[in-house]
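Enquirer: Take this structure first; my questions come after.
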Amino acid sequence: MSRPTETERCIESLIAVFQKYAGKDGHSVTLSKTEFLSFMNTELAAFTKNQKDPGVLDRMMKKLDLNSDGQLDFQEFLNLIGGLAVACHESFVKAAPPQKRF
């Protein structure tokens, strides 16, 4: 059996992190608001510590909760991860020195 690729390991890691926080308050397939805050303050501590607005995490939760059930399912969680990945990528692109085009 072949070893997982780097991308496959990243996917496994995302699933494991979601499962680590989901279910502590009841539903094992969703993040409650408390679980979401725990995830953000632990796994994305650099992001949360730099926030000046104390309501930003509440607004993020509401925006991510597409079906308005007060929980984040895995798809809604991935929307957060994808948005953060896009923002990080854009920062890297802006910070990279310009490349010569031939």
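The first residue you see is number 1, and the count goes up from there.
Every residue gets a Cβ built from N, Cα and C, even glycine.
As the structure is a computational prediction, the values presented were derived from the model and not from experiment.
Per Swiss-Prot, phosphoserine is recorded for Ser2, and the stated evidence type is similarity to another entry. The phosphothreonine annotation in Swiss-Prot covers Thr7. Annotation comment: Swiss-Prot describes 12-47 as domain 'EF-hand 1', evidence class a curator's inference. Taken from Swiss-Prot, the feature N6-acetyllysine applies to Lys24. The Ca(2+) 1 binding site annotation in Swiss-Prot covers Ser28, Thr30, Glu35 and is backed by a curator's inference. Residues or ranges marked as domain 'EF-hand 2' by Swiss-Prot on the basis of sequence analysis: 52-87. Feature annotation from Swiss-Prot assigns Ca(2+) 2 binding site to Asp65, Asn67, Asp69, Gln71, Glu76; the stated evidence is sequence analysis.
Walk me through where these features lie, including what they touch and how far apart they are.
Expert: Under the DSSP three-state reduction, Ser2 (phosphoserine) is assigned to coil, being neither helix nor strand.
Thr7 (phosphothreonine) falls within a helical segment according to DSSP.
Beyond the domain 'EF-hand 1' (12-47), the same-chain residues lying 6 or more positions past its ends with a Cβ under 8 Å from any Cβ of the stretch are 4, 57-58, 60-61, 69-74, 77-78, 81, 84.
There are 13 other Cβ atoms within 10 Å of the Cβ belonging to Lys24 (N6-acetyllysine).
Following the DSSP three-state reduction, the secondary structure of Glu35 (Ca(2+) 1 binding site) is helix.
Averaged over the domain 'EF-hand 2' (52-87), the predicted model reaches a pLDDT of 95.
Around Asn67 (Ca(2+) 2 binding site), a 10 Å sphere centred on its CB holds 10 further CB atoms from the protein chains shown.
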Enquirer: When neighbour density is defined as the number of other C-beta atoms within 10 angstroms of a residue's C-beta, which of the binding-site residues Glu35, Asp65, Asp69, Glu76 has the lowest density?
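Expert: Result for the binding-site residues Glu35, Asp65, Asp69, Glu76: minimum number of other Cβ atoms within 10 Å at Asp69.
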Enquirer: Nearest of the modified residues to Asp69 (Ca(2+) 2 binding site) by CA-CA distance, picking from Ser2, Thr7, Lys24?
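Expert: In terms of Cα distance, Asp69 (Ca(2+) 2 binding site) lies closest to Lys24.
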Enquirer: Please report the Cα separation of Thr30 (Ca(2+) 1 binding site) and Asp65 (Ca(2+) 2 binding site) in Å, rounded to an integer.
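Expert: Between the Cα atoms of Thr30 (Ca(2+) 1 binding site) and Asp65 (Ca(2+) 2 binding site), the distance comes to 11 Å.
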